[in-house]
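Notes follow once the structure below has been shown.
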Amino acid sequence: MLRPFQKTSYSRSLPCLRFVLRCAQTLAEKYAKARSTEPNFLTCSGIFFDKAAAFHKNISPGLLKHLKTVDCVLRVTFAIEHEGDIEVITGYRAQHSRHRLPVKGGIRYSLDVDLQEVEALAALMTYKCAVVDVPFGGAKGGICIDPKKYSVAQLENITRRYTMELCQKNFIGPGLDVPAPDLGTSGREMAWIKDTYQQFNINDVNSSACVTGKPVTQGGVRGRTEATGMGVYFGIRDFLQFPFVQQMTGLTGGIEGKTFVVQGLGNVGYYTAKFISEGGGKVIAVAECNGGIAHPDGLNVKDVYTYWRNYGTFEGFPDAKFLEDPLLPLEMECDVLVPAAIEKTIHVGNADHIKAKIVAEAANGPCTPRAQEILAKKRVIIIPDLYLNAGGVTVSYFEWLKNLSHVRFGRLNKKWEEHSKSLLVNFLETQVNRKLSERESTSLDYF
């Protein structure tokens, strides 16, 4: 049982506490000002594209310009009733590249959603799908709202109205554009999208494939919820096995014994921290928008997550230090820093203060171009988001295939597995010159 917050000794001194808070506020304002001097997210992604394109001498400038440009963008507005008044909601959907159909990308609910953000995220999705060789083009969508301010019924209304707009503008469909969960959304919203799409397309036998990340009962697949975080875990674990990484960082291979700081305790951040902890790593700090929490010997990730979900803050969590400034954990000394929140988290204002040996980009675009240059000079290795957080779209591909095939996983290869195992049993019986017992034959099902 969680104990109530115990004040530390320094908090008893009010003048000292006020001084600490003033320093933290000044530092936060300084970082916010520095972050505001950075280009917007779309410009940042364009700078990264240009740096990568410079290595391809045989591609014409015109083709590169075409690859960089977003194909199509949709902006919609609709009205809902909220708190006794009429509120206008703005939604977006960007399709970056339709060289492969359908295009694929999540839908996020956030006040930061705007046109340039969805365009940048759609471009990143195109490159990400190419990196992991998933046959999708890139897309991204979002609605400019704070989902915490609305009831479940209102969120359902907003989601269905947004989906209706996508249906009417031909921006959704199993062979056209397949959304998925993102920041502020989950399987619940995907189920609403699927149901709304089916109402507009009653004769589409493949309608379940119009969206991925659905609950299992609605055509989803097991493992999709934790797929992105698990992919981050596997990516970090395997990256640490490379000799040049070990030489540059002085770290040994594998997760065990390494220290981690995770920024963001949403779906990606939580599952990343969970699998790291289960793999023997020490999550020494976690940060959210309203503060952080730290312990040098490692945090119990499940307990921290439960406390955060129940109270909306880390303050008062027992046996750990509460950090009022959410930026402080980013600058803690650790082996691996995992930014798993939003874009432009590491920028020119704080990049020079990063003490991690490796920055693992679990979020989309957490490092700005100028921050990347600073980290490179400090010999901090960056594991890029295009590779590291592609686990979600990879498993979404499996879900999409399952919905199109109309066959549950296992049905297609059941007869082949039974035949191959019967051949194995016959071979073993021949070698040992006796018939295997029922228990021995059954044990082969585990292999």
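Note that Cβ sites are derived from N, Cα and C of the backbone, with glycine treated the same way.
Listed features, source TrEMBL:
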type     : residues               : note
ACT_SITE : Lys140                 : active site, proton donor
BINDING  : Lys104, Lys128, Ser396 : substrate binding site
BINDING  : Thr228, Asn267         : NAD(+) binding site
SITE     : Asp182                 : site 'Important for catalysis'
I need the neighbours of the substrate site defined by Lys104, Lys128, Ser396. Which other residues of that chain put their C-beta within 8 angstroms of the C-beta centroid, in sequence order?
Gly105, Met125, Cys129, Val134, Phe136, Gly138, Ala180, Ala390, Gly392, Val393, Thr394, Tyr397
If I take the Cα of Lys140 (active site, proton donor) as reference, which of the recorded positions Lys104, Asp182, Thr228, Asn267 has the closest Cα?
Lys104
What is the maximum Cα to Cα distance, in Å and rounded to a whole number, among the residues Lys104, Lys128, Ser396 annotated as binding substrate?
13
List, in sequence order, the same-chain residues at least six positions removed whose CB sits under 8 Å from that of Asp182 (site 'Important for catalysis')?
Gly105, Gly106, Ile107, Arg108, Lys140, Gly142
Which one is closest to Asn267 (NAD(+) binding site) in space, judged by CA to CA distance, out of the binding-site residues Lys104, Lys128, Ser396?
Ser396
Just how many other Cβ atoms lie inside 10 Å of the Cβ on Asn267 (NAD(+) binding site)?
21
Measuring CB to CB from Lys104 (substrate binding site), give everything in the same chain under 8 Å that is also at least six residues away in sequence.
Met125, Cys129, Val134, Phe136, Gly137, Gly138, Ala139, Asp177, Val178, Ala180, Thr212, Val393, Ser396, Tyr397
Ranking the recorded positions Lys128, Lys140 by other Cβ atoms within 10 Å, which is at the bottom?
Lys128
